[in-house]
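Going by Swiss-Prot, these are the annotated features:
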type    : residues                       : note
BINDING : Cys75, Cys77, Cys90, Cys93     : Zn(2+) 1 binding site
BINDING : Asp474, Asp476, Asp478         : Mg(2+) binding site
BINDING : Cys804, Cys878, Cys885, Cys888 : Zn(2+) 2 binding site
Amino acid sequence: MSNNEKVLSPIEIKELERPQDFSAFQLKLASPEKILSWSCGEVKKPETINYRTLKPERDGLFCAKIFGPVKDYECLCGKYKKMRYKGVVCEKCGVEVTSSKVRRHRMGHIELVSPVAHIWMVSSLPTRIGTLLGVKLKDLERVLYYEAYIVSNPGEAYYDNEKTKKVEKYDILNEEQYRTISDLFEHTGFEANMGGEIVRDLLAGLDLFELLTLLKEEMETTKSEAKRKTIIKRLKVVENFLNSGNRPEWMMLTQLPVLPPDLRPLVSLDGGKFAVSDVNDLYRRVINRNNRLKRLTELDAPEIIIRNEKRMLQEAVDALFDNGKTANAVKGANKRPLKSLSEIIKGKQGRFRQNLLGKRVDFSGRSVIVVGPSLNMDQCGIPKKMALELFKPHLMAKLEEKGYATTLKAAKRLIENESNEVWECLNEIVDEYPILLNRAPTLHKLSIQAFHPVLIDGKAIRLHPLVCAAFNADFDGDQMAVHVPLSQEAVAEAKILMMSSMNILLPASGRAIAVPSQDMILGIYYLSLVKEGVKGEHKLFTDVNEVKIALDMGQIDLHAKIRTRIGDRIIQTTVGRLIIHEILPSFVPANLWNKILKKKDIGILVDYIYKEAGYEVTPRFLDDLKNLGFKYATIAGISISIDDIRVPENKIMHISKSKKDVIEVQKQFSQGLLTEQERYNKIIDIWTEVNNKLASEMMELVKGDKNGFNSIYMMADSGARGSAAQIRQLSGMRGLMAKPDGSIIETPIISNFREGLNVLEYFISTHGARKGLADTALKTANAGYLTRKLIDVSQNVRITIEDCGTHEGIEITDITSGNELIESLEERITGRVIAEDIIDPISNEILFAEGTLITEEDAKVVTEAEVKSVVIRTPLTCKVENGLCSKCYGLNLGEQRKAKPGEAVGVVAAQSIGEPGTQLTLRTFHVGGTASATQTERELKADKEGFIRYYNIKKYVTTDGKIIVANRRNAGLLLVEPKINAPFKGKVTVETVHEEIILTIANSTEEKKYFLRKNDVAKANELAGISGKIEGKLYLPYKDGEEVNLNESIVEIIKDGWNVPNRIPFASELKVEDGAPVTSKIITGAKGIVKYYKLTGDYLERRHDIKAGDIITEKGLFAVIADTEDREALRHYISRGSCIALNDNTEVEKDTVISAPAKNEQVVIAEWDPYANPTIAEKAGVISFEDVIPGVTVSEQFDELTGTSKLVINEYIPSGYKPTVILTTDDNEIIRYSLDPKISLNVSEGKRVEVADIIGKTPKATQKSKDITGGLPRVSELFEARRPKNIAILASFDGVVSFGKGLRNKQKILITDSTGNSVEYLVEKSKQVLVHEGEFVHAGEALTDGQISPHDILRILGEKALHYFIVSEVQQVYRSQGVNIADKHIEVITSQMLRQVSILDGGDTKFIVGDMISKKKFKLENEKIIKLGGNPAIAEPLLLGITRAAVTSDSIISAASFQETTKVLTEAAISAKMDMLEDLKENVVIGRTIPVGTGLYKDQKVKFSEQEISK
């Protein structure tokens, strides 16, 4: 609890009084005494009511004496009626005269003859009773169901006559064993028994303290991991009992509580039948069996019969508590299993989800929606009939207040007659009163918005066209629900926060969602088009009014180019655009409206106006835009005719050529030149190519048609409806179709819709269409479930304070996938608070100080300064105990302002991720065919300028002088430009002090120090390409103690980097030497004056002697673009070999060429064989073979093209053989190369090889079509933190690789660090190992192929690396589908997945090793222990999937209402868990104000202060 000192004591809930406000909720096991104290009497008979008199039977399940009167203040026999006898107990029928409401909470009890186990304690895993006794679940069940004996006192008993195996306490014996042993050892005190009694006695006899110490001792001595796990399980249960004050024997019931009768009602239906709650049937069975058992015991029946009856009693109680868990569930009259107490509370139809989290409410209605184009942004049309019903109470009050009616009855009559006064009053009420509209499915907060109602005739609700996008509504029969907010607070909230004019932005991304669509876009687009050579062209007008007059008089065309004055400038525009300009606020610059406005441009315009003017102006502007759009869409008269669909003339020619190509491919296939897969891929490629060619020709044709006024083209181009792909199907060719399994059918549909499809083509196309529909249905369900899980895990995240004061942050860069940018740094830092100063890499000035909230403009400044990474505060590094602080969260995107305390950011995050879920694809992508027909990479080219640095590169030089890469990893090429040059010749020293690196250069006479920030310098693992990005980081080419010459660069900025093996494969040929210059065309990035400088030390020295035409030969030359006041705007490095294009002091515009390479070609950095991985000779020497046996391990393959034959190692090598090539060098050193399957040998026995000669080549896996999990399944895989099936093994720390002796089907990889510690990994032989003997690997580097598990990233690289992994992976899925989601939402969920820790060492705390504890509890407990001077516990962070994280929530109610209800409740009851009711979900369930918004302060006294307002 927030203030831990508060001592909580249990509250007795009194009958008939409202329970007082409680601050926590706790579950415990009930003792028999407690059950008796609840009970108002024993239920002795199974009867319910008398079917003749319909009165409850005495002592039965509905007994009025026990549970209270059926009618208010009236006893059963009718002797006492009315209030005045309250509290009297009738002497005739024994019923207390009171309110009948007591039947909802008065309980009864059943006195059980024999103790019975509570099924949750037995079969809810881990079984609690079994764990305490140390008995397996199966055995425990056999004892409870009277099939086996449990030993309560072993005495001196043995299992055998030789007395070798002793009988222990709690051993389980079958009938035979029991007979034998008890005959032999009865006299020694041996006792065993079966059933509930003995289990209860054993539980009662447990000494928990003794058991605890025993277990702890055993834990320390045991070596076996499996045994430890079992001990930990037992320890947890024992500790739970000790801490909670529960007694173990309470898990066995001797008194069974009976639910109050009104909670298991018996309702009479018409026709004399009764609807009865299933629980009653289950209780009747228990009572029947209990009574029968009582009778049998009194009669002294034979043991076997009594035993059977006891077993049946146990089964009856089991069925009552949890009918689903029992093997053969009890079925009712309709052959359906009866709903037991557990089933009533769990599942979608259970108490939690059906009645507590979602309720039906009054003052609501629903109807079909139709469009209301004449409404304002915050209005909606409500049918009069509906309003009359919804506002009835308000209306009656109003009628009385105005004197139209004297009594309520009169008012009711007036309303029924619908007289004029009624409508008058209704209009007055409705005027000021907001209503809420909701469209199911309610996926995000914009699915419920408030409107001012406008009364209309008819029966449909009218909706404003611009809010459709937020509701995801259309008018094809959608329905919406209307709700009336009742309380003053609710009305205020609706008016201030929920009005649709306040909900213009999407909370997921901060972009405007209330933007015009379809017809409106078409109208605005039409208005903004230009037509050449029309009436009134090039005229000059004074203002818009003059233009309008001319237009109305027919003197000028709507699309004519004209000139007019706007502000103080004359502008060239068109009539239509002027009309648009008229509705724009005055501050909108011309470049936003004076152009053709498409959907995207309109969106940008709305965003801009919102940013500049906010809620005051935007709604009004949107309404004007809507009206304009509809008006001109109508005037334009755009309609589709069949002639608008233009088919390219040379379609037939293209298609016949493609058919020939296909026949050619088939021929090659039948001659055996192509494999089946290649044939298929080639055919698909042919058709894809022709389809694209036709499409581009057709688009040109349509675009030119009617000067760009072709209706279909206008619709697609403006973004109103349709797309290029759809036009292609109308008038190009339909193209290739997919089968339901996602594979592409190789026969394309050649026809288009204009020509019409033939039967076969139509049949092929039905395939895809049906799959689409089936997918959509599945997708909706999956997306809905994902949203539910996300909401549940993040519902308790809210902003609680302004600033948590942390200085920690996470470094972020662009998110890229390969070479494709997924999300830019600019987008990622907008609206975030930075955790470290942002420093300009060129001038070293502080651009923004720590703690600044970065706006969109600031983000642009950062990108223009070429800052490559920024450290921002994130929800993961926030230090607040409950929730987050405003600064770590950043901007509230839905309102574009700082998040305030009390905002439910967790729910918003979950909605933002879940809502677009339905737009994601469901399938896993099959790569192959068109999808991956990309050219294989065979070389690397540089596209920036600078010079080359080798990082760790080892090389072989071949006889003909080629440089071959000898590293397999941990090396790379860097493209750099100088940052600091050596001011004199000297020795370099590098030292790290805290967050700084001090670089000193010194000789006998002088010394100079340079200070660098540690974070700015590229780390070793970044240079090796393991983590992070290196562009923009600093590189130190000289190590500590090395000599450096004058003007050599000692600090360099990395502009690009290619690491081995990801970008440059092993054995590639390098085309550039270390230090070689790389030139490329340099273009100015800003406007200004070009000046040339030379770098000396760490400052620039002016050079006046550089002129156009010079070819640069010196290092360290920069061109600086300066503004008029000689401030540096940008600097460009000019590398050696560049030809200067501009003289010094030339004034330039943006995008002017400063210099270009003297030789006109792109610099190739490296080349390699794209189809094979070579094995090369490290030294010169002679080859010999081992285990290379033709017909056994190798086969000879004849190459048709070259006419030679080669040896190829077989794919499957018989066990016992290990084909190897042995190279004996000239120094008699022996190097062994073990040969992988499929490798083809380029050498023969006894052949001499030189350095870097190729020994053999392994073909790269012929492009297997890989299944890439994409779309929705990928997102849920990430959030569920699933361990991938094909998991990659990662190195746990930096070290050197070696291979140990392998097992039969596993190989052993060892990694040894610098101190000699080593760790070994066993890898399946079928896995491809990516490392080689003697290589150095970094922590987190993959040793084998496969997918990387997020758990490994967390374990090895920590939370920050995990943050990058999850955010970038989720963003890749959403961005590829065109969905924008801000990172902060994903981070909020990730921080919730990391809220648990796993205990490594319990110290002096109450935690046990292996416990999963929330970070909050862990911190509290540790603080407590440290105060007392003890040893704190040590833990490691755990990554839990969202389902696990939600179920392990600290709150009982929250976890129970999510999933696995019985498990959660059992756990909570045993450990007497306390729910502090801090989060949203539990407060919704118990019906209190939720702690967000103003509810955050509900416990605090609010003070009011008066203020004088000056008039």
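A Cβ is built for glycine as well, from the same backbone N, Cα and C atoms used for every other residue.
The binding-site residues under consideration are Cys75, Cys77, Cys90. Their Cβ neighbour counts within 10 Å are lowest for Cys77. The secondary structure of Cys75 (Zn(2+) 1 binding site), as reduced to three states from DSSP, is coil rather than helix or strand. Cys878 (Zn(2+) 2 binding site) sits 46 Å from Asp476 (Mg(2+) binding site), taking the CA atoms of both as reference points.
All chains included, 17 other C-beta atoms sit within 10 angstroms of the C-beta of Cys93 (Zn(2+) 1 binding site). The Cβ of Cys885 (Zn(2+) 2 binding site) lies under 8 Å from the Cβ of Ile799, Thr800, Ile801, Glu802, Asp803, Cys804, Cys878, Lys879, each of these being in the same chain and 6 or more residues away along the sequence. The secondary structure of Cys888 (Zn(2+) 2 binding site), as reduced to three states from DSSP, is helical.
Neighbour density for Asp474 (Mg(2+) binding site): within 10 A of its CB lie 11 other CB atoms from the protein chains shown. If you compare Cα positions, Cys93 (Zn(2+) 1 binding site) sits closest to Asp478 out of the binding-site residues Asp476, Asp478, Cys888. The Cβ of Cys804 has fewer other Cβ atoms within 10 Å than any other of the binding-site residues Cys804, Cys888.
Asp478 (Mg(2+) binding site) has a Cβ environment of 17 other Cβ atoms inside 10 Å. When the C-alpha distances from Asp474 (Mg(2+) binding site) to the binding-site residues Cys77, Cys90, Cys888 are tabulated, the minimum falls on Cys888. Figure note: comparing Cβ neighbours within 10 Å for the binding-site residues Asp476, Cys878, the maximum is reached by Cys878.
If you take the Cα of Asp476 (Mg(2+) binding site) and the Cα of Cys90 (Zn(2+) 1 binding site), they are about 64 angstrom apart, rounded to a whole number. For the Zn(2+) 2 site, the Cβ centre of Cys804, Cys878, Cys885, Cys888 serves as reference, and the other residues of the chain with Cβ at most 8 Å from it are Ile801, Asp803, Thr806, Arg873, Pro875, Thr877, Lys879, Val880, Leu884, Ser886, Lys887, Tyr889. For Cys75 (Zn(2+) 1 binding site) paired with Asp478 (Mg(2+) binding site), the C-alpha to C-alpha distance reads 53 Å. Neighbouring residues of the recorded Zn(2+) 1 site, listed in sequence order and excluding Cys75, Cys77, Cys90, Cys93, comprise Ala64, Leu76, Gly78, Lys79, Tyr80, Glu91, Lys92, Gly94, Val95 (Cβ within 8 Å of the Cβ centroid). Put simply, Cys77 (Zn(2+) 1 binding site) is 69 Å from Cys888 (Zn(2+) 2 binding site) when counted between their Cα atoms. Other than the site residues Asp474, Asp476, Asp478, same-chain residues with C-beta atoms no more than 8 angstroms from the centre of those residues' C-beta atoms, the Mg(2+) site, are Ile369, Ala473, Phe475, Gly477. Between the CA atoms of Cys77 (Zn(2+) 1 binding site) and Asp478 (Mg(2+) binding site) there is a gap of 55 Å, rounded to the nearest whole number. In this structure, the C-alpha atom of Asp478 (Mg(2+) binding site) lies 59 angstrom from that of Cys90 (Zn(2+) 1 binding site).
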